[in-house]
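Summarising the annotation, TrEMBL assigns substrate binding site to B:351. Feature annotation from TrEMBL assigns domain 'Aminotransferase class V' to B:39-342. The N6-(pyridoxal phosphate)lysine annotation in TrEMBL covers B:202.
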């Protein structure tokens, strides 16, 4: 026998999480998650799942029947949209203005489809004009895919206009709302979004590991008309919906992550209690407070004012400042996490998150004071 | 705006879970899971992940470098093994003696590979002779895939002999250990298993949602020699290992399910504290106690004595007994969950789990007494 490791229980410190996610989790959500596990086919659990579906619908502002949480993180939510809707040989217009647009492109290629990439600079929103041109010159395209809120840069794109354009060109829209859901205005039905995915660990302030998704009736029709099977068994929504449908008996697909779903239920319940519009306003107010303080410290935003996400503030690291050393000091001295730059912004920017439960005045104050002390 | 649902917090009752999983979760694991969330790139979290890897290696009895937990349930662990190792056009011998062998076959087909199915009756173990014949008559086969412990029937197959056979025929072995890990003898290195996946929610008594996996050096070599990209971005182990490798800086792939990983760390730590062999013995002892009681009640096992899993006891429902009504009474009156039959055994058998923390004398006593009262 290989010997058993002798280890102590892990006791994490209490951090203030102001990076790009995971965000600070609501205390009520941590408590909900540790309630007793019950069976995933237990009638009481099934009732909780029905409530959860209505809560996800509210957060997305949709009446889409196919609305659920994928039992895995946001990148699995992204893959769920692509593998279910896109078939080999089809064309997808993919907008790339950061890490996650590039990830969409990789998903399209792994499906065996063709990605037509519309590039924008990192830090800029997706250009509606450039997308209009791409759609006009690619009449074979069946999808338009873009990131609503780019977590790698903090840029917000105009989802409403982009989805309207997609519709004009008979394309289905696939939207990444991982960082936008709960933090900025997002209206799935009003804007005509066809497939959308989010993450539990950003502005919902739930534990990481789940991905709320929703498919419009047109997307469901596309899924049902597939000529080839969905390449992923685990993410095949035609199978998963047998469990989530709520119409009569739920059939077993995979064992639901019971306790994580308790947590998601509680975080969305808290969002519904606050009200979506109130939550959007709160994020904006805290962003303005933070912005004022960061500008006083002489820090420059990566994104132009009109295109900034309130919940993800990317600022350039001042010349002569040691990126890693500052972040390490914040973590060790103040138990404060801010995010490093990612991709093209690695080593050049910090990403300061104000997400969900983390978008509070005490967090803004701590972050500004700690940065001031470390940059002095 | 669509109106916000007005909902109360969800308060599940305290059940005793004696179905096919999720099993009763250790109280320490529930507590570990609700510790404060920290960042997935936090140095303290990275340290916890290093420990977690050594704990998974211990549970599997392996020194495989590529050993980690997939951030999704066991069915995603299954898919991880197939999409990473099997390429389109290759042949896989798939053993089918229950629901999960059939699921393996579907995974093989979705990869674009060919499945040669070796069938055994439900309730029987995989026939080593039949597999030997299939291997001999399919020299083109590159893999042998089978389920060690069939959760749908309670049959245990001879993993050691099957893996030895695979090796003789230059095949890599892919083994489903979802229900076996922690409950019965399992030695990945000694038995020469090449790819294995398990689930958190069975004999580890952790919350559902994670899948420990391990790849042998030969499996890693096969993965590295692929001619085609892995079809799933989320499950691509060449990318995931950048985060799990532990060699220097961990690179971001997807946001790890931080709190669920706390839980897995604690459940495996408890297993290491008890000792694997002691845990195997405890499962066997509790099974013998349960078996004695079930036989006194006149209940017949689905699986022959020598092939039974201690942790999953499938018994035929006596003639004239209402399956659903009895399970409902157990749940409502005793807060006791036992499992329904699945697939070919639906409506014909019950599945009584004695898994991990659930394999205790008080659970055996409650189950026997409650069944006695309801069958009287």
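Even glycines carry a Cβ here, placed using N, Cα and C.
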Counting across all protein chains shown, how many other Cβ atoms sit within 10 Å of the Cβ of the residue listed as 'substrate binding site'?
23
To the nearest whole angstrom, what is the C-alpha distance linking the residue listed as 'N6-(pyridoxal phosphate)lysine' and residue B:351 (substrate binding site)?
13
State the count of C-beta atoms found within 10 angstroms of the C-beta of the residue listed as 'N6-(pyridoxal phosphate)lysine', not counting that atom itself.
30
Confidence summary for the domain 'Aminotransferase class V' (B:39-342), mean pLDDT rounded:
96
